[in-house]
């Protein structure tokens, strides 16, 4: 073999070894491995104590964050779970898994008052008859607007106004047809 072939093969072998070394995953070092297997039980109990000591005190902002995601929960439920976990993320995760959080000892689910803000937020909207779009947008129900009128509008404002009238009148016609159909059944 020539010298260039030998150098080429040696370079490939060296490159392969270097790439294997660079690509190889680094094994994680666990505390139990560092201290040996005899101290594993003491390290797990000390880790539990450290986690308990790292819990932050429950603040009003933490409660507000959880209440934003889950407005049906009471402040007592949120505070109790935040005191237990010390983390907004864990509290929200528990809520997402279970759909609710446990009630504190003195609070009963039936007597838990929901504040008026969430009560008004969860209230059903009014009847459709209370919303009269014809009066709100000053549309004459006798107007006949078809798609050609909408397409013939010149500027953007009149196009939007024509399209709004067309949509409202068509929705009203469909609603009247559905009511007639329901009455005939």
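Any Cβ shown, glycine's included, is placed from N, Cα and C.
Feature list (source: TrEMBL):
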COMPBIAS  36-46  compositional bias 'Low complexity'
COMPBIAS  47-60  compositional bias 'Polar residues'
DOMAIN    58-101  domain 'CUE'
REGION    33-60  region 'Disordered'
REGION    99-128  region 'Disordered'
TRANSMEM  6-23  transmembrane segment
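Residues of the same chain lying 6 or more positions beyond the ends of the transmembrane segment (6-23) include none with a Cβ under 8 Å from any Cβ of it. On the 0 to 100 pLDDT scale, the domain 'CUE' (58-101) averages 90 in the predicted structure.
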